[in-house]
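Features as listed in TrEMBL:
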- 59-308: domain 'G-protein coupled receptors family 1 profile' (DOMAIN)
- 44-66: transmembrane segment (TRANSMEM)
- 78-96: transmembrane segment (TRANSMEM)
- 116-138: transmembrane segment (TRANSMEM)
- 158-180: transmembrane segment (TRANSMEM)
- 223-244: transmembrane segment (TRANSMEM)
- 256-279: transmembrane segment (TRANSMEM)
- 291-310: transmembrane segment (TRANSMEM)
Amino acid sequence: MFIIIHCTDTSVSLTALGFQNTTMHFVTEFVLLGFPGQREMQTFFFFLILVVYLLTLLGNGAIVCAVKWDRRLHTPMYIFLGNFAFLEIWYISSTVPNMLVNILSDTKTISFTGCFLQFYFFFSLGTTECFFLSVMAYDRYLAICRPLHYPSIMTGKFCVILICVCWISGFLCYPVPIVLISQLPFCGPNIIDHFVCDPGPLFALACIPAPSTELICYTFNSMIIFGPFLSILGSYTLVLRAVVRFPSRAGRTKAFSTCGSHLMVVFLFYGTLMVMYVSPTSGNPAGMQKIITLIYSAVTPLLNSLIYSLRNKDMKDALKTVLGLRINQN
């Protein structure tokens, strides 16, 4: 999918790059420092992250099963939610298992190829999540602002098309930035003060400055973040205008409850993303970057499952029904 230039024990001349009489040994692996500290602290982090990971799999897996097995949830809103929960399972799985192995490892190494593969899947799944949040906001806009036209617009076929567009577009966005970064010369040191392969630390390890590549990547990140985010804000601005005009208080309460869950997820996810990736001069210290990344990569998927299951009556009823039936059948 992308070309990676790296060699073992191979010297490469940099004369063409403007470095006279200079040779370089390309690194073949990186060291992810993760969470440095005493062994007891490492063990604490391991079990804490493991519990968060297992609860995330359980919560989002339950939502996927409820949408699949309960026919009452076979509507566009819950089909999107089921796909979103399925996405969250893979999103957290793109980083946390390797993070757990890294905590227990003495060497804490990841291969050059493995680093960029993790980079690709982590950012592609994150991009897909941005697109799904935008589509879910559009679905609520149609349901609330154009209820009479909703069944004719949000058909089963159109729903499937939107889902496919989210998945395919998310995985087509990041090959170009990854190719650009992977072509940079990495001659050492190879220590990344993070627990994931992130563009910021990778740029810092490059042997030559790459301001144009860095600008392209940050501009690209900003477009991916702000494009869906502005779409979400537009959809919910129209939704809120429509909701406040509802004559029924019960109708307003139900609409605010449904949309409130989605907005909580949106602001939780986008808030941390913008702090990390929008500004190339944010200057966050390494410790703060790790905390922010841990929030949107591990904690947010867990909270999303809790928000959507605990704040949604239909989902709670479906979970009770499905889990009850499965237990009784066993």
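Numbering starts at 1 and runs along the chain as displayed.
Placed from the backbone N, Cα and C atoms, the Cβ positions cover glycine too.
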Confidence summary (mean pLDDT) of the domain 'G-protein coupled receptors family 1 profile' (59-308): 88
Beyond the flanks of the transmembrane segment (78-96) by 6 or more, those residues with Cβ under 8 Å of it: 49, 52-53, 56-57, 59-61, 63-64, 66-68, 118, 121-122, 125-126, 128-129, 132-133, 135-136, 139, 159, 162-163, 166, 195-196, 297-298, 301, 304-305, 308, 314-315
